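Here is the structure we will look at.
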Amino acid sequence: MRLPESQVAVLNAASATDERTIAQLAEATDLKPETVTGAVFDLRDDGLVSVTETVEEDVELTDEGVEYAEDGLPEVRLYRAALDVGDGDSVQMGQVIGASSLGGPQVDIALSNFARKGYGRIDSGELAPDADADPDADEEAAALAALAAGDDVDADVLDQLESRNLVVRNERTIRAVTLSDEGVTALMEGIEAAETVDRLTPEMLTSGEWEDVEFTEYNVEADAPEVRGGKKHILRQTADRVKDVLVGMGFAEMEGPHADADFWINDCLFMPQDHPARTHWDRFALDVPPMEDIPEDLIDRVRSAHLEGVGDDGDGYHSPWSEDFARAIALRGHTTSLSMRYLSGHEVGELEPPQRYFSVEKVYRNDTLDPTHLLEFYQIEGWVMAEDLSVRDLMGTFEEFYSHFGITDIQFKPHYNPYTEPSFELFGRHPETGELIEIGNSGMFREEVLSPLGVECDVMAWGLALERLLMLMYGFDDIRDVHGTLCDLDLLRETEVLR
Ligand code: PHE
């Protein structure tokens, strides 16, 4: 019989006595324990040895346990100090602690165990040691000493020490190896040790050495390291899918600056210049030169809408309107700035109805970070320009859009935006928590917005949160799971966006 070298060594070592553990075999053969374990399993599979497994517990003192084994348990030291200071009478706590040389957390440990173990009473700042208590008979102290000396101790005391974190118990599997009858026979008949190799080389082929070596077997069941390729972030994947869906619904994509003039971000939207959202608290203002490239006639019409209103009903705000403020640059808080650029004709020229446009782009808001708010997030912006649009068209568009993502239960709540009338917030139900979460905002642009832009028909528009759509699709409930340093890597790795 021919066997790999390590198996022959183990078999020989195992034959020396009745039963040997892996550790003993490793020592006897000078092989690594894991090599011995591998050889033992191969030998067992060939029926040459049998293996019995027993689980052993070993108990180890923690650092704190070692310290108490040397210096004494804190409660015992407290008791002794109390007797010393008070000669058997009650003593002031502060005095005893000073005399006991206990420090920091040990004082609390001493006090809580003092009363529990009957060393005395603690009453309004005084410590009364019990004269009958016997620290020499302290079971826990005795057990610590025994363990330090390598002796066994009673299970109950061990539980107690473990609950005080003075010991840790570890379980180990001990494997004992015995030669089987076949093993004994094989050894008697003689076993040849074959050099084992794990790969064939050209030299082995030319020298003919390949005929004498033993090849290690492939273990196709061994745990292999996990290999992970790169992949697109699920947010990006979902954004791509949103774009596909909207293109499929006949929309064209808008593009434009992340840092833009307040004119496009707010003034065109009939947002009064003293609106709270336009203050320095909410706005990420940039210290860069103002925007020059804005059509003068458009500025005039927007200014006039703010000051005097448009049409017969509107009255405007009559508050000051500053062109400098309108030209100042900030990070966009919504992508409705893009809708303004496109609707005004500034981007792609005058548009004839019907038209549909969208963007899936980042926006920036000075919000407080929490499970549903980030300082930057993706907005799904969109608008439809056509004659005679109604709220039904708006709702129908959302129902169609969200149904592509398996979301069929959209709810609408009347809302107020300075730039749309009527306006609606959209809500969807979270698949895990059942909560209604806000997923977007929408409405029909007002006359005060459309007229300065030169648009003569209806425009319905919206801004939806991409991250919230993801929450509804995948059920996570903290937006920070998909963004930033706290993101949930497993979620990001395992979630596949369905196409
Ligand atoms: N700009 C709005 C927001 O950020 C969304 C919106 C866009 C609402 C267009 C109505 C019309 O919440």
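Using N, Cα and C of the backbone, Cβ positions are placed for all residues, glycine too.
Note: TrEMBL annotation is automatic and uncurated.
Taken from TrEMBL, the feature L-phenylalanine binding site covers T336, Q379, I380, E381, Y419, F445. Sequence annotations record features per position, and here TrEMBL assigns Mg(2+) binding site to E421. Positions annotated as domain 'Aminoacyl-transfer RNA synthetases class-II family profile' by TrEMBL: 242-494.
Annotated features, which come from TrEMBL, shown on the structure.
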| residue | record | Cβ contacts under 8 Å, 6 or more apart |
| --- | --- | --- |
| T336 | L-phenylalanine binding site | I265, L269, E381, Y419, A461, G463 |
| Q379 | L-phenylalanine binding site | H334, T335, S359, V360, E361, K362, V363, G463, L464, A465, L466 |
| I380 | L-phenylalanine binding site | V242, L246, F358, S359, V360, G440, W462, G463, L464, A465, L466, L469 |
| E421 | Mg(2+) binding site | G443, M444, R446 |
| F445 | L-phenylalanine binding site | W383, Y419, T420, V455, D458, V459, M460, A461 |
Near the Cβ of Y419 (L-phenylalanine binding site), how many other Cβ atoms are there if near means within 10 Å?
21
Measure from each Cβ of the binding-site residues T336, I380, F445 to the atoms of ligand 1 and list the residues where some distance is under 6 Å.
T336
I want to verify one value. Collapsing DSSP to three states, which class is T336 (L-phenylalanine binding site)?
helix
Averaging the per-residue pLDDT over the domain 'Aminoacyl-transfer RNA synthetases class-II family profile' (242-494), what integer do you get?
93
Can you tell me how many other Cβ atoms are located within 10 Å of the Cβ belonging to E381 (L-phenylalanine binding site)?
22
